[in-house]
């Protein structure tokens, strides 16, 4: 289990099981809802959503399977709980409860025995949960943790532990599975946080019932419940079927649980309650990290603060580094300004104290040079950081350079104005803090850098102290100073590390949302691409684009209108080709189902390639019939001028391809090809199973051209012959002798003499780019001697090329039509584009050729040996990669009569023809015709999940799908990382900030978004306060060490420590159940309420600020600096030997005891060589001589940072000034002044260092609003500045002067330090604020992208289910069989062909090119499609429509029949009932529109084969003798009758149907067959009415109109419309609420294009509006509720009258044209 849990933590799937659970039928709806309910109930968050109220007369039952949800045992309530909410809160952490335990909960107010839940009656099924009564996931509120509040106290401890142990292994802990935003686990997007009434419960009543349950007493109303039978059946079925297709699980990432819950008492979403937001921190939220646990709400820091997934870690580092681009620049700017300020102070001090001696020029030049170089380095790093390219890839190295530069400055200290190394403690604090707060470096790097800086500086100070003997004279003071430095460095490191850790951890959690947003966006785009691929595979691009453009700017097609939208478009001057396989029935009888589908897929895939290469477009597959139409340009709907040639070439290639199949299968197969040219209407009809189709009289003629054709020959009409322009030799076809329709229309037909294609297909290879790159990677051999082409190559494909004979595949000539090439091929390698230029000069148009490759592939990198060759053989027109490596293409000209010569002229190093022939092989870029190459047929839907265009041949051939599946996970991760690289750019962050945030306040411009952000729960608040408390402890230690023996200070610090300890306890009180209730209540308020939290943090920081500075006021000056009394004592030691009256103002030593620059001088004598008290050497001489002798003997033994000496010093005494010239001073040693003799340390600057820690503690409050932080920091620095000016600048307190002219006053130095940290803290606050708000935006986008992804996935599923039956769609969506052909053998199925035979008589192209008539057909087919939505026809599947023929089948899904308890015979009966319903529906249409359409139905039952064929245009089809017989039953049937063969009639008679024998009839291909007419059940032969009086099969009494029902899959137009809305959402502005616009009710006026009136001489004045009443009855609910509905209908009716009068006026003419046609 541990291994499984670890693996689960590594990758947590994005897609949950709830996403695809929608039942197909109404009977399955409860099953789906129950399973969805059970899955949601598997998390403790759904406890309150699953409270069932039961009656008192039921019995208790055992918990269902998997009753203990989450696998955790329930625990009894502990004693002494002071608050009921505490019990619930504690239950959250204890585990989940069983469903049965939830069922036993009796809600408050359930005193009676009625099954009522908060006023709502339980339905008859016993399901009171609204989640079981709806399929809307958004209505099912999932409570993250609050719902689990009752789990730990629900049952006895022992029993629950046993239950948990028994189910833990079988039932996974669903509570640990993260809930994605928007899938029902979060209510943030719902707009209202209120739960449904039946989901609300009283906490008091729940707890009281739980206590009763725990104590063993029965609950009120007592008794347990009996599960309803239907629910039991649901649970039985649940284990037997899979609900919804399996989805891909590769797009997985590592996400923590969702952070949304609901209030336990009110049931409201915490996101909607002010001050309440996400759930508290727990370890589950950090399962994606390598380490770092949460203990009592405190994040335990860890140096390995990284993701477990390396790719995710790399993406995050890139993400966070780019966010700190500006901070890197700010740090270097601050350091640069700091150098300028130090230099300015140094210049000011020099101007005050006088010029420096000339011998210091070299040292000063070094200092200036050092400062200038460091400043240049700062500016260089700034420019690199500003450079976008560098910042996007190498920003962290610029940060490392910054850190190195700062350390060099701190340890060398050679800059102008810099003090000695041991006095640069303030700068080292700055250097340690900067990487944590500002630099874009990982946490581990920051810790290592801070530790190195601190350790090195401590070592430097210690070494310097030891070298100069200061540790010997006063070891205690040196030790205190070193220890104080250690505390300061440790405090800065700890504060910086923990702040960086908390900031980084918060950013990582937000980055997960960011990564999720990007992943969802990528998935959404993939889903949309897959949907578009599927749509492109169904419809041609031109029709697809036209439909999309109309839908994109149109209204929602799902809104009911009076007429269905018609997507039909006219096309003129096209050629239609029909091809039928002769001998297919024999082939089907000799092969298995899998073999037959494989053969058909191979054959039709070849036909698709042939059609595409010859610029033809496949229309549809009709069993073994294939028909296509010549293509047209997608931009202007213009057809090709050579459309007839393209169609003939397609037919000839098909005949050639069938020969190969005949050789392999040993079956007499052949092709009958019929071609006719004319105009068509192209588009789609109906609402279900859209298929591209064409309609016109010319299409019918083309169909009969195929029927009247000859196998193995291309049969063309006279219209086609006129379009060929004598390109082919023909002979009379006499098609009228073989087809009556052609004879009736007097169509002259011809046969193409050629049996081989005029243009043998020669095309590019289909290898992938990787394979091609590998094949060309090898260098070509050296070019041989030049060889010319001595003679031309004929169009037959044979010819001699330099002694090498090149023979085409067909070997036949082109009947005198020579295609001889005269193009010069030898081209210099330096100018490969001349190849194309030469062809253009000779008027060779690559785009105008029917079977030529699309372009010329040239790559200069592949040119070898400075030569390039382009060769073409005869009419084969192809391309190849010569030995020189240049990829070339040639093709035959479209102008047949233009002779071209091909010559290879020698040139410098030109390749030989032999090398050219070697280059053009099976591995090259040229592939011969199908018969000479091994071609792998494409698999349908193989490219469904491919990341690139599925129509690209390189994607569908020579691709190892298994290998692709193995690397799919890694590829997906790389794609997401690359996607993040492209989207999370520096400029992207800047654009988002400008778009969403106010540039000054950083608040969201959208107030609702700002309010939502302010309601976020601050889970790091406790960790922040703990860090503040630790910093305070360090501050106390530092002040106690530096300021000893100050009782008042110690008391104040102790009181402050107690106060801060109480504050920490208050913050942590919510995690400790034993604390008083008031503490826990206030603790919860601090976490949830932003305003309280802000005031609390401000109070704590202000307290720390005041307490840290109070020592400067309360403590005597003697505790931290030498005072006047100390100087007087020192002078009184000298007074016995001098008559000078010494006072503190008379003796002013020009020695400034600054802790960081020049103070604490050691006095040594040359004789002793060691430190000697000054009193021992001042016992002789008068005052002037005493001063001179004393100070001349004074030597300073330490090395200065700047090698300067002989600095003038002045000693003033009794009005006399003595110049001291030969003096040196120490660089950084902290030594004793006159007070050091008594062992006292003077380090006032360490007080300021503790003040810096206060500023750092302010930075640790991460979620404090940045303006509040900035104002507090400014106030603190102003307060500290006042203290510095008052104390450090007072002459009374500090009667000291500067030691040297280069020295800096302590007050100025401390001000620089405070200002530097002020800038860092303020910018860090702004950085954290910007980052948190950007992360919040990304999180919102993640939720929107998830919604879009789910919508796109639903569209994709619906789309594929409109292409395929549900069970076949499930097969392909499972992603387990995408490399296999789908085929299945069915023993018994029903097949129906229902046609409207008189529609052809009705059809006329006189009005709008026949579009008006097609509109009527569309209405009829849409009504037929609506019948399929009825539950009684669940087993009936629409296959396709062909013209006015509707094809359907029943019994194809055996599993569905088994679940419904039906047999295959029942499905055949359902199909018959469907035929009767179609007849009734057509009668209604006739009655409404005053038409007389008639229906003719043929049904046959028996075995058949189903499968999916066609890789580029996959279609589901059925084959077999049953299908053929059903088609013949239709074509030989009678109007208004259902004709069946004998075996089907026997089956139907056994099921109660009346079958009347028709007799034996002649059936094409079957001979004589006995057929029957089927009548509805319950009608005997004696009751049948004569067919003369009423058509057979029409019910005597009309049943009520069938209302239009909502489709479970949705109409196809609704799918496309939804896809377009998804694309709109994907291009919408991020951050704004996205969603499908509310559809507008389209009340279109039926004007001149209205075609729903029978075009006959019958008057239309009675009811001019066709089907007005039925359409009004079928309106949507919104239209029914419209108050102006009646007026709209009346107005519409009156407005349509003129149009119908116009139609009436041309009725006579149309009727005459119809009669003439007959």
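Even glycines carry a Cβ here, placed using N, Cα and C.
Feature annotations, courtesy of Swiss-Prot:
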TOPO_DOM  1-327  topological domain 'Cytoplasmic'
COMPBIAS  41-53  compositional bias 'Polar residues'
COMPBIAS  75-84  compositional bias 'Basic and acidic residues'
COMPBIAS  109-123  compositional bias 'Acidic residues'
COMPBIAS  153-168  compositional bias 'Low complexity'
TOPO_DOM  349-366  topological domain 'Extracellular'
TOPO_DOM  388-397  topological domain 'Cytoplasmic'
TOPO_DOM  419-422  topological domain 'Extracellular'
TOPO_DOM  467-476  topological domain 'Extracellular'
TOPO_DOM  498-1023  topological domain 'Cytoplasmic'
BINDING   580, 624  Mg(2+) 1 binding site
BINDING   580-585, 622-624, 672, 1440, 1517-1519, 1524-1528, 1564  ATP binding site
TOPO_DOM  1045-1048  topological domain 'Extracellular'
TOPO_DOM  1070-1094  topological domain 'Cytoplasmic'
TOPO_DOM  1116-1241  topological domain 'Extracellular'
TOPO_DOM  1285-1301  topological domain 'Extracellular'
TOPO_DOM  1323-1718  topological domain 'Cytoplasmic'
COMPBIAS  1648-1659  compositional bias 'Polar residues'
COMPBIAS  1668-1681  compositional bias 'Basic residues'
COMPBIAS  1682-1693  compositional bias 'Polar residues'
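Sequence-distant contacts (6 or more apart, same chain, Cβ under 8 Å) of residue 583 (ATP binding site) comprise 667, 668, 669, 670. In the three-state DSSP classification, residue 583 (ATP binding site) falls within coil. For the topological domain 'Cytoplasmic' (1070-1094), the DSSP counts in helix, strand and coil order read 19 helix, 0 strand, 6 coil.
Ranking the binding-site residues 622, 1518, 1525 by how many Cβ atoms sit within 10 Å of each one's Cβ puts 1525 at the top.
Separating the Cα atoms of residue 672 (ATP binding site) and residue 624 (Mg(2+) 1 binding site) is a whole-number distance of 11 Å. Taken as a whole, the topological domain 'Cytoplasmic' (1070-1094) shows an average pLDDT of 82 in this prediction.
Cα spacing between residue 1528 (ATP binding site) and residue 624 (Mg(2+) 1 binding site): 15 Å, rounded to the nearest whole number.
For residue 580 (Mg(2+) 1 binding site), the nearest of the binding-site residues 622, 1518, 1525 in terms of C-alpha separation is 622. DSSP assigns residue 624 (Mg(2+) 1 binding site) to coil in the three-state reduction, outside any helix or strand.
Within 10 Å of the Cβ of residue 1528 (ATP binding site) there are 23 other Cβ atoms, across all protein chains. With respect to their backbone Cα atoms, residue 624 (Mg(2+) 1 binding site) and residue 1518 (ATP binding site) stand 10 Å from each other. In the three-state DSSP classification, residue 672 (ATP binding site) falls within a strand.
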